[in-house]
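The structure appears right after this line, and notes come after that.
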Amino acid sequence: MREVISIHIGQAGVQVGNACWELYCLEHGIQPDGLMPSDKTIGVEDDAFNTFFSETGAGKHVPRAVFLDLEPTVVDEVRTGTYRQLFHPEQLITGKEDAANNYARGHYTIGKEIVDLCLDRIRKLADNCTGLQGFLVFSSVGGGTGSGLGALLLERLSVDYGKKSKLGFTVYPSPQVATAVVEPYNSVLSTHALLEHTDVAVMLDNEAIYDICRRSLDIQRPTYTNLNRLIAQVISSLTASLRFDGALNVDVTEFQTNLVPYPRIHFMLCSYAPVISAEKAYHEQLSVAEITNSAFEPASMMAKCDPRHGKYMACCLMYRGDVVPKDVNAAVATIKTKRTIQFVDWSPTGFKCGINYQPPTVVPGGDLAKVQRAVCMISNSTAIAEVFSRIDHKFDLMYAKRAFVHWYVGEGMEEGEFSEAREDLAALEKDYEEVGTESQEGDGEEGEDGGDQ
(Lines of atoms letter the chains of each structure in order from A and count residues from 1; the text may use other names and numbers.)
(Lines give C-alpha, C1' and ligand atoms only; values in the text may rest on other atoms or scores of the structure.)
Protein backbone atom coordinates (compact mmCIF):
# COMPACT_ATOMS: atom_id res chain seq x y z
CA MET A 1 0.00 0.00 0.00
CA ARG A 2 1.02 3.58 -0.51
CA GLU A 3 -0.09 5.16 2.73
CA VAL A 4 -0.33 8.84 3.56
CA ILE A 5 -0.18 10.26 7.08
CA SER A 6 -1.99 13.53 7.81
CA ILE A 7 -0.64 15.87 10.48
CA HIS A 8 -2.89 18.66 11.75
CA ILE A 9 -1.14 21.38 13.73
CA GLY A 10 -2.68 24.23 15.71
CA GLN A 11 -6.21 25.58 15.58
CA ALA A 12 -6.39 26.03 11.82
CA GLY A 13 -4.84 22.64 11.12
CA VAL A 14 -7.13 20.81 13.55
CA GLN A 15 -10.31 22.49 12.34
CA VAL A 16 -9.51 21.92 8.67
CA GLY A 17 -8.64 18.35 9.67
CA ASN A 18 -12.05 17.90 11.27
CA ALA A 19 -13.77 18.96 8.06
CA CYS A 20 -11.56 16.69 5.96
CA TRP A 21 -12.07 13.53 7.99
CA GLU A 22 -15.81 14.20 8.19
CA LEU A 23 -15.88 14.32 4.40
CA TYR A 24 -13.61 11.27 3.90
CA CYS A 25 -15.89 9.24 6.17
CA LEU A 26 -18.96 10.25 4.19
CA GLU A 27 -17.21 9.47 0.91
CA HIS A 28 -16.22 5.98 2.00
CA GLY A 29 -19.34 5.19 3.98
CA ILE A 30 -17.45 4.96 7.25
CA GLN A 31 -19.61 5.60 10.31
CA PRO A 32 -18.56 7.94 13.14
CA ASP A 33 -17.61 4.86 15.19
CA GLY A 34 -15.19 3.71 12.49
CA LEU A 35 -17.22 0.76 11.24
CA MET A 36 -17.80 0.43 7.52
CA PRO A 37 -20.78 -1.75 6.56
CA SER A 38 -19.79 -1.82 2.88
CA ASP A 39 -16.27 -3.15 3.54
CA LYS A 40 -16.22 -6.83 2.61
CA THR A 41 -12.58 -7.47 3.47
CA ILE A 42 -12.50 -6.89 7.18
CA GLY A 43 -9.03 -6.53 8.65
CA VAL A 44 -7.43 -6.75 5.21
CA GLU A 45 -5.73 -3.55 4.19
CA ASP A 46 -5.65 -3.71 0.44
CA ASP A 47 -8.59 -1.49 -0.45
CA ALA A 48 -7.76 1.88 -1.99
CA PHE A 49 -9.09 3.80 1.03
CA ASN A 50 -6.55 2.08 3.27
CA THR A 51 -4.04 4.70 2.13
CA PHE A 52 -5.82 7.01 4.60
CA PHE A 53 -7.41 4.58 7.06
CA SER A 54 -5.87 1.64 8.88
CA GLU A 55 -8.08 -1.28 9.88
CA THR A 56 -8.25 -3.19 13.12
CA GLY A 57 -9.11 -6.87 13.28
CA ALA A 58 -12.57 -5.93 14.53
CA GLY A 59 -13.22 -4.01 11.33
CA LYS A 60 -12.79 -0.54 12.78
CA HIS A 61 -11.26 2.05 10.44
CA VAL A 62 -8.85 4.46 12.05
CA PRO A 63 -7.58 7.58 10.27
CA ARG A 64 -3.82 7.70 9.71
CA ALA A 65 -3.67 11.14 11.30
CA VAL A 66 -2.30 13.09 14.23
CA PHE A 67 -3.85 16.21 15.73
CA LEU A 68 -1.51 18.45 17.72
CA ASP A 69 -2.05 21.69 19.53
CA LEU A 70 -0.24 23.41 22.35
CA GLU A 71 -3.49 24.08 24.18
CA PRO A 72 -6.40 21.69 24.60
CA THR A 73 -9.61 23.56 23.72
CA VAL A 74 -9.68 22.94 19.95
CA VAL A 75 -8.60 19.30 20.13
CA ASP A 76 -11.11 18.78 22.97
CA GLU A 77 -13.81 19.51 20.42
CA VAL A 78 -12.56 16.46 18.50
CA ARG A 79 -12.44 14.45 21.74
CA THR A 80 -16.08 15.22 22.47
CA GLY A 81 -17.43 15.69 18.92
CA THR A 82 -19.36 13.40 16.59
CA TYR A 83 -16.22 11.59 15.47
CA ARG A 84 -14.72 11.05 18.93
CA GLN A 85 -14.78 7.26 18.51
CA LEU A 86 -13.04 7.42 15.16
CA PHE A 87 -9.66 8.45 16.54
CA HIS A 88 -7.38 6.63 18.92
CA PRO A 89 -6.89 8.88 21.98
CA GLU A 90 -3.13 8.78 21.38
CA GLN A 91 -3.64 10.49 18.01
CA LEU A 92 -4.90 13.63 19.74
CA ILE A 93 -1.98 15.38 21.40
CA THR A 94 -2.31 18.58 23.41
CA GLY A 95 -0.12 20.70 25.63
CA LYS A 96 -1.22 22.83 28.56
CA GLU A 97 -0.39 26.39 27.53
CA ASP A 98 -0.65 27.79 24.04
CA ALA A 99 1.89 29.53 21.85
CA ALA A 100 0.14 32.89 22.27
CA ASN A 101 0.55 33.82 18.59
CA ASN A 102 4.29 33.69 19.09
CA TYR A 103 6.43 31.71 16.63
CA ALA A 104 9.27 31.48 19.14
CA ARG A 105 7.04 29.86 21.76
CA GLY A 106 5.82 27.31 19.23
CA HIS A 107 9.31 26.63 17.90
CA TYR A 108 11.58 26.92 20.91
CA THR A 109 10.13 27.00 24.40
CA ILE A 110 6.80 25.19 24.45
CA GLY A 111 6.91 23.37 21.13
CA LYS A 112 10.23 21.80 22.04
CA GLU A 113 8.70 19.95 24.99
CA ILE A 114 5.95 18.30 22.96
CA VAL A 115 7.69 17.63 19.65
CA ASP A 116 9.28 14.32 20.67
CA LEU A 117 5.93 12.97 21.81
CA CYS A 118 4.46 13.99 18.44
CA LEU A 119 7.25 12.27 16.56
CA ASP A 120 6.74 9.09 18.61
CA ARG A 121 3.09 9.00 17.64
CA ILE A 122 3.93 9.67 14.00
CA ARG A 123 6.52 6.89 14.18
CA LYS A 124 3.84 4.49 15.45
CA LEU A 125 1.62 5.38 12.51
CA ALA A 126 4.54 5.04 10.10
CA ASP A 127 5.47 1.61 11.47
CA ASN A 128 1.92 0.55 10.75
CA CYS A 129 2.37 1.35 7.04
CA THR A 130 3.79 -1.02 4.46
CA GLY A 131 4.87 1.64 1.97
CA LEU A 132 4.50 5.12 3.41
CA GLN A 133 4.51 7.62 0.55
CA GLY A 134 4.41 10.88 2.43
CA PHE A 135 2.82 13.35 4.77
CA LEU A 136 0.09 15.93 4.40
CA VAL A 137 0.71 18.74 6.88
CA PHE A 138 -2.09 21.17 7.73
CA SER A 139 -1.40 24.40 9.58
CA SER A 140 -1.57 28.16 9.39
CA VAL A 141 1.45 30.42 9.49
CA GLY A 142 -0.18 33.44 11.14
CA GLY A 143 -0.51 32.06 14.67
CA GLY A 144 2.09 30.63 17.00
CA THR A 145 1.50 26.87 17.03
CA GLY A 146 0.99 26.32 13.30
CA SER A 147 3.95 28.51 12.42
CA GLY A 148 6.38 27.59 15.20
CA LEU A 149 5.59 23.97 16.06
CA GLY A 150 4.71 23.39 12.39
CA ALA A 151 8.16 24.53 11.31
CA LEU A 152 9.87 22.53 14.05
CA LEU A 153 7.98 19.37 13.16
CA LEU A 154 8.74 19.73 9.45
CA GLU A 155 12.44 20.12 10.24
CA ARG A 156 12.38 16.97 12.36
CA LEU A 157 10.38 15.02 9.77
CA SER A 158 13.04 15.90 7.19
CA VAL A 159 15.65 14.32 9.43
CA ASP A 160 13.64 11.19 10.25
CA TYR A 161 11.95 10.60 6.89
CA GLY A 162 14.25 12.33 4.45
CA LYS A 163 12.98 10.82 1.22
CA LYS A 164 9.23 10.97 1.91
CA SER A 165 7.32 13.77 0.27
CA LYS A 166 5.70 16.41 2.42
CA LEU A 167 2.73 18.38 1.13
CA GLY A 168 1.70 21.39 3.15
CA PHE A 169 -1.76 22.93 3.18
CA THR A 170 -1.03 26.27 4.68
CA VAL A 171 -3.38 29.06 5.67
CA TYR A 172 -1.66 32.39 4.98
CA PRO A 173 -2.68 35.75 6.47
CA SER A 174 -5.27 37.65 4.45
CA PRO A 175 -4.59 41.10 2.99
CA GLN A 176 -7.38 42.90 4.89
CA VAL A 177 -8.42 40.63 7.74
CA ALA A 178 -5.93 39.86 10.49
CA THR A 179 -6.43 37.78 13.61
CA ALA A 180 -3.13 38.82 15.20
CA VAL A 181 -0.89 41.85 14.98
CA VAL A 182 2.26 39.77 14.69
CA GLU A 183 1.04 37.64 11.75
CA PRO A 184 3.70 39.06 9.39
CA TYR A 185 6.51 38.00 11.76
CA ASN A 186 5.16 34.48 12.24
CA SER A 187 4.52 34.05 8.52
CA VAL A 188 7.97 35.14 7.42
CA LEU A 189 9.71 32.99 10.04
CA SER A 190 7.58 29.97 9.22
CA THR A 191 7.82 30.30 5.43
CA HIS A 192 11.58 30.14 5.91
CA ALA A 193 11.07 26.55 7.13
CA LEU A 194 8.35 25.72 4.58
CA LEU A 195 10.77 26.72 1.84
CA GLU A 196 13.30 24.19 2.93
CA HIS A 197 11.24 21.36 4.38
CA THR A 198 8.11 20.94 2.25
CA ASP A 199 8.00 19.63 -1.29
CA VAL A 200 4.75 21.30 -2.26
CA ALA A 201 2.87 23.94 -0.26
CA VAL A 202 -0.70 24.78 -1.22
CA MET A 203 -1.57 28.27 -0.06
CA LEU A 204 -5.00 29.09 1.30
CA ASP A 205 -6.25 32.33 2.70
CA ASN A 206 -9.37 32.99 4.70
CA GLU A 207 -10.36 36.21 3.00
CA ALA A 208 -10.35 34.66 -0.47
CA ILE A 209 -12.48 31.76 0.78
CA TYR A 210 -14.83 34.15 2.66
CA ASP A 211 -15.40 35.94 -0.64
CA ILE A 212 -16.14 32.67 -2.45
CA CYS A 213 -18.68 31.73 0.26
CA ARG A 214 -20.33 35.14 0.10
CA ARG A 215 -20.41 35.35 -3.67
CA SER A 216 -21.19 31.81 -4.71
CA LEU A 217 -23.04 30.38 -1.74
CA ASP A 218 -24.86 33.55 -0.57
CA ILE A 219 -23.65 33.09 2.99
CA GLN A 220 -23.69 36.60 4.46
CA ARG A 221 -21.40 35.90 7.38
CA PRO A 222 -19.36 32.77 6.70
CA THR A 223 -18.08 30.86 9.73
CA TYR A 224 -14.90 28.80 9.93
CA THR A 225 -17.06 25.72 9.39
CA ASN A 226 -18.24 27.10 6.04
CA LEU A 227 -14.65 27.84 5.06
CA ASN A 228 -13.27 24.52 6.21
CA ARG A 229 -15.89 22.51 4.36
CA LEU A 230 -14.89 24.23 1.16
CA ILE A 231 -11.19 23.59 1.88
CA ALA A 232 -12.08 19.96 2.64
CA GLN A 233 -13.61 19.60 -0.83
CA VAL A 234 -10.34 20.78 -2.37
CA ILE A 235 -8.22 18.45 -0.29
CA SER A 236 -10.63 15.59 -0.92
CA SER A 237 -10.37 16.17 -4.67
CA LEU A 238 -6.58 16.13 -4.49
CA THR A 239 -6.49 12.94 -2.51
CA ALA A 240 -9.42 11.21 -4.27
CA SER A 241 -7.11 9.38 -6.62
CA LEU A 242 -5.18 8.00 -3.65
CA ARG A 243 -8.37 6.81 -1.95
CA PHE A 244 -10.40 5.47 -4.89
CA ASP A 245 -9.42 3.47 -7.94
CA GLY A 246 -9.67 5.77 -10.94
CA ALA A 247 -8.85 6.11 -14.61
CA LEU A 248 -5.99 8.57 -14.29
CA ASN A 249 -4.57 8.18 -10.84
CA VAL A 250 -2.25 10.74 -9.33
CA ASP A 251 0.27 9.87 -6.66
CA VAL A 252 1.49 12.32 -4.00
CA THR A 253 4.97 12.39 -5.53
CA GLU A 254 3.43 13.05 -8.94
CA PHE A 255 2.22 16.45 -7.78
CA GLN A 256 5.76 17.31 -6.96
CA THR A 257 7.17 16.01 -10.23
CA ASN A 258 4.64 17.85 -12.34
CA LEU A 259 4.28 21.10 -10.46
CA VAL A 260 7.71 22.01 -9.15
CA PRO A 261 10.19 23.23 -11.79
CA TYR A 262 12.83 24.33 -9.23
CA PRO A 263 12.98 23.17 -5.62
CA ARG A 264 12.19 26.58 -4.16
CA ILE A 265 9.34 27.40 -6.54
CA HIS A 266 6.84 25.14 -4.83
CA PHE A 267 4.04 27.38 -3.55
CA MET A 268 0.75 26.55 -5.27
CA LEU A 269 -2.51 28.30 -5.90
CA CYS A 270 -5.65 26.22 -5.82
CA SER A 271 -9.24 26.60 -6.89
CA TYR A 272 -12.36 24.46 -6.92
CA ALA A 273 -15.43 24.47 -9.13
CA PRO A 274 -18.38 24.42 -9.20
CA VAL A 275 -19.13 26.16 -5.90
CA ILE A 276 -22.93 26.45 -6.02
CA SER A 277 -25.53 26.47 -3.31
CA ALA A 278 -28.22 23.82 -3.12
CA GLU A 279 -30.92 26.30 -4.17
CA LYS A 280 -29.22 27.09 -7.46
CA ALA A 281 -28.14 23.56 -8.28
CA TYR A 282 -31.53 22.53 -9.61
CA HIS A 283 -31.25 25.05 -12.41
CA GLU A 284 -27.69 24.51 -13.54
CA GLN A 285 -26.05 21.47 -15.05
CA LEU A 286 -22.43 22.37 -15.42
CA SER A 287 -20.43 20.92 -18.29
CA VAL A 288 -16.75 19.99 -18.11
CA ALA A 289 -15.85 23.08 -20.15
CA GLU A 290 -17.78 25.38 -17.83
CA ILE A 291 -16.30 24.07 -14.61
CA THR A 292 -12.81 24.14 -16.15
CA ASN A 293 -13.21 27.80 -17.14
CA SER A 294 -14.59 28.58 -13.75
CA ALA A 295 -11.56 27.00 -12.05
CA PHE A 296 -9.30 29.44 -13.90
CA GLU A 297 -11.35 32.50 -12.86
CA PRO A 298 -9.34 34.79 -10.56
CA ALA A 299 -12.37 34.91 -8.25
CA SER A 300 -12.18 31.13 -7.71
CA MET A 301 -8.64 31.22 -6.33
CA MET A 302 -8.35 30.21 -2.69
CA ALA A 303 -5.60 32.72 -1.99
CA LYS A 304 -5.90 36.43 -2.65
CA CYS A 305 -3.74 36.76 -5.72
CA ASP A 306 -4.55 37.45 -9.35
CA PRO A 307 -3.12 34.84 -11.74
CA ARG A 308 -3.57 37.32 -14.61
CA HIS A 309 -0.64 39.26 -13.16
CA GLY A 310 1.70 36.31 -13.52
CA LYS A 311 2.42 33.36 -15.73
CA TYR A 312 1.60 29.73 -15.15
CA MET A 313 4.48 27.28 -14.97
CA ALA A 314 2.41 24.15 -14.47
CA CYS A 315 -1.09 23.19 -13.66
CA CYS A 316 -2.84 20.11 -12.32
CA LEU A 317 -6.52 19.53 -13.03
CA MET A 318 -8.20 16.87 -10.92
CA TYR A 319 -11.65 15.99 -12.17
CA ARG A 320 -14.09 13.81 -10.31
CA GLY A 321 -17.49 12.41 -11.19
CA ASP A 322 -19.04 12.02 -14.59
CA VAL A 323 -16.10 13.16 -16.74
CA VAL A 324 -14.56 11.57 -19.84
CA PRO A 325 -11.04 12.27 -21.18
CA LYS A 326 -12.42 13.62 -24.47
CA ASP A 327 -14.23 16.48 -22.68
CA VAL A 328 -11.16 17.24 -20.60
CA ASN A 329 -8.96 17.51 -23.69
CA ALA A 330 -11.45 19.85 -25.34
CA ALA A 331 -11.70 22.03 -22.23
CA VAL A 332 -7.91 22.24 -21.87
CA ALA A 333 -7.53 23.11 -25.56
CA THR A 334 -9.94 26.02 -25.07
CA ILE A 335 -8.05 27.24 -22.01
CA LYS A 336 -4.80 27.24 -23.98
CA THR A 337 -6.28 29.63 -26.55
CA LYS A 338 -7.25 32.21 -23.93
CA ARG A 339 -5.12 35.32 -23.86
CA THR A 340 -5.63 35.93 -20.16
CA ILE A 341 -4.07 32.59 -19.23
CA GLN A 342 -0.38 32.85 -19.99
CA PHE A 343 2.24 30.19 -19.57
CA VAL A 344 5.98 30.78 -19.23
CA ASP A 345 7.76 30.19 -22.51
CA TRP A 346 9.81 27.29 -21.17
CA SER A 347 6.76 25.25 -20.17
CA PRO A 348 4.57 24.98 -23.25
CA THR A 349 2.34 22.07 -22.21
CA GLY A 350 2.02 22.60 -18.52
CA PHE A 351 -1.17 20.58 -17.86
CA LYS A 352 -1.52 17.41 -15.86
CA CYS A 353 -4.99 15.95 -15.64
CA GLY A 354 -6.45 13.34 -13.35
CA ILE A 355 -9.92 11.83 -13.53
CA ASN A 356 -11.70 10.02 -10.77
CA TYR A 357 -15.11 8.49 -11.33
CA GLN A 358 -16.23 8.92 -7.73
CA PRO A 359 -18.64 11.90 -7.83
CA PRO A 360 -18.10 14.65 -5.25
CA THR A 361 -19.82 14.00 -1.91
CA VAL A 362 -21.30 16.81 0.15
CA VAL A 363 -21.90 17.03 3.88
CA PRO A 364 -25.63 16.66 4.63
CA GLY A 365 -27.02 20.01 5.70
CA GLY A 366 -23.90 21.76 4.41
CA ASP A 367 -23.82 24.70 2.00
CA LEU A 368 -22.61 23.03 -1.16
CA ALA A 369 -24.95 21.45 -3.66
CA LYS A 370 -24.55 17.85 -4.74
CA VAL A 371 -23.17 17.94 -8.28
CA GLN A 372 -22.37 15.33 -10.91
CA ARG A 373 -18.86 16.53 -11.64
CA ALA A 374 -16.30 18.86 -10.13
CA VAL A 375 -12.74 19.95 -10.76
CA CYS A 376 -9.98 21.06 -8.48
CA MET A 377 -7.04 22.93 -9.89
CA ILE A 378 -3.61 23.31 -8.37
CA SER A 379 -1.37 25.62 -10.28
CA ASN A 380 2.14 26.93 -9.96
CA SER A 381 1.95 30.55 -11.00
CA THR A 382 4.45 33.38 -10.62
CA ALA A 383 1.55 35.50 -9.33
CA ILE A 384 1.80 33.81 -5.93
CA ALA A 385 4.75 36.13 -5.27
CA GLU A 386 2.08 38.81 -4.58
CA VAL A 387 1.24 36.99 -1.37
CA PHE A 388 4.85 37.08 -0.22
CA SER A 389 5.46 40.69 -1.16
CA ARG A 390 2.35 41.71 0.78
CA ILE A 391 3.52 39.93 3.91
CA ASP A 392 7.10 41.17 3.49
CA HIS A 393 5.88 44.75 3.25
CA LYS A 394 3.96 44.44 6.53
CA PHE A 395 6.95 42.70 8.11
CA ASP A 396 9.25 45.56 7.10
CA LEU A 397 6.96 48.23 8.54
CA MET A 398 7.01 46.55 11.95
CA TYR A 399 10.58 45.33 11.93
CA ALA A 400 11.96 48.76 11.03
CA LYS A 401 10.79 49.86 14.49
CA ARG A 402 11.60 46.47 16.06
CA ALA A 403 8.01 46.41 17.30
CA PHE A 404 7.04 43.30 19.29
CA VAL A 405 10.46 41.75 18.72
CA HIS A 406 11.16 41.46 22.45
CA TRP A 407 8.44 38.81 22.79
CA TYR A 408 10.36 36.59 20.40
CA VAL A 409 13.81 37.27 21.80
CA GLY A 410 12.45 36.67 25.30
CA GLU A 411 11.57 33.13 24.25
CA GLY A 412 15.17 32.37 23.32
CA MET A 413 15.19 33.37 19.68
CA GLU A 414 17.95 35.45 18.17
CA GLU A 415 17.19 38.67 16.37
CA GLY A 416 19.37 37.53 13.49
CA GLU A 417 16.76 34.92 12.66
CA PHE A 418 14.33 37.65 11.64
CA SER A 419 16.69 39.17 9.11
CA GLU A 420 17.80 35.75 7.85
CA ALA A 421 14.20 34.67 7.21
CA ARG A 422 13.37 38.02 5.62
CA GLU A 423 16.38 37.77 3.27
CA ASP A 424 15.33 34.26 2.31
CA LEU A 425 11.91 35.56 1.32
CA ALA A 426 13.43 38.44 -0.62
CA ALA A 427 15.44 35.86 -2.53
CA LEU A 428 12.26 33.86 -3.11
CA GLU A 429 10.47 36.89 -4.58
CA LYS A 430 13.45 37.39 -6.84
CA ASP A 431 13.38 33.73 -7.88
CA TYR A 432 9.75 34.07 -8.90
CA GLU A 433 10.57 37.21 -10.86
CA GLU A 434 13.37 35.47 -12.74
CA VAL A 435 11.35 32.35 -13.48
CA GLY A 436 8.68 34.48 -15.09
CA THR A 437 11.01 36.47 -17.32
CA GLU A 438 11.80 35.38 -20.85
CA SER A 439 14.43 32.69 -20.80
CA GLN A 440 15.82 32.81 -24.35
CA GLU A 441 19.05 34.52 -23.43
CA GLY A 442 20.01 32.27 -20.52
CA ASP A 443 20.25 28.51 -20.54
CA GLY A 444 17.11 28.17 -18.49
CA GLU A 445 19.00 27.48 -15.30
CA GLU A 446 18.46 30.78 -13.58
CA GLY A 447 15.95 30.81 -10.72
CA GLU A 448 17.56 27.71 -9.24
CA ASP A 449 19.38 29.68 -6.60
CA GLY A 450 19.39 33.13 -8.13
CA GLY A 451 18.99 36.13 -5.93
CA ASP A 452 20.97 35.06 -2.89
CA GLN A 453 22.06 38.34 -1.41
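Cβ atoms are placed via backbone N, Cα and C, with glycine included.
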Further binder of GTP named by Swiss-Prot next to E71, S140, G144, T145, T179, N206, N228, taken from the candidates Q11, Q31, Q285: Q11
Other CB atoms within 10 A, centred on Q11 (GTP binding site): 24
Lowest local Cβ density (other Cβ within 10 Å) among binding-site residues: S140, T145, N228: N228
Mapped DSSP class for T179 (GTP binding site), helix or strand or coil: coil
Which of E71, E254, the listed recorded positions, has fewest other Cβ atoms within 10 Å: E254
N206 (GTP binding site) CB neighbourhood, other CB atoms within 10 A: 24
